[in-house]
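To start, the structure under review is shown below, and the notes come after it.
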């Protein structure tokens, strides 16, 4: 009886830990009282079936937090399997040292170790006990539930201690299979991510080459126009027609000079961006804005060469931020797109600021998936941007509205070996 009550107590703590639920709300206490009360009152009469009843109650408790049935089953089964392993180890160790009365003490020690390890892993990693794919979660939930029920129904593990060794072997084999399955899943995700990264890089390179070709053609056209200007100036000087030269300068040369001072060369600091993928997305988006007659500025004084996060995440994040800024300025010739990168010893800060002409809703509403000021089913950018930032501990996003200005600041940690 005491052993079973202790097991339920530690199981409750383990489930709360896996759920990352550190609250002390009253329903948590009431649920624990219900579990312990049923265990105390029905242990003698129901025995094995009590375990099934408690599993169902734990499942409902987890579902209350997660609201996804497959994930709730996985978490419930995984925590119960960890508890089963501790029980079987406690039985085996107490027999090995020939001290059956120490079973409870050994179990408590093992549970403390398990909870400490789980707490350490959850605090220092982003490991999840469930998959992100709904189909995989369903398969894993069905597998775990079947194996767990088979163990407690067929071998009656809790009430026939002589089967502890067989049960322990089964549990370790199961844990090994699940570990292999999860590792294969991680490999698949990593491969898919690498393919996506290469695809994004190829698209970025294609955009970059296209913009370079466009600017090269503009340079050739400027060279041709420049030669024609020199020929015209030479004609005016040869004929000593200074009034005509002055008129020619005012109507042809001066406007071109002013355009050169106010157009392309606001982006000359892009040459200091040493990360090719980031330079490509910045060059592509800012050149696109200029081509649509948006006054565009970019500033970077300190070059940087490496970041502590994947370049693809930064590229996608910057693409979303710049797309939103350009979209807000389309059709407003007086609008400005101000961008810059500020570098210190630890961080690289990307800043994008644009004028706004429509009354914007609160920031939290803009970040909701599917919300857009341009119409339904278009507001996926900021929601995706938040997902990218949330999965990267080395990234921080700040979004602010200052009067008619909309500002987004993306702070990214520099790589440790960055010079």
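Even glycines carry a Cβ here, placed using N, Cα and C.
Any TrEMBL annotation is an automated prediction that lacks curation.
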Which one of 164-183, 184-203 shows up in TrEMBL as transmembrane segment?
164-183
Stretch carrying transmembrane segment according to TrEMBL (options 9-26, 63-80, 81-98):
81-98
Same-chain residues near the transmembrane segment (104-124), Cβ under 8 Å, at least 6 residues beyond its ends:
2-3, 6-7, 10, 13-14, 17-18, 20, 82-83, 86-87, 89-90, 93-94
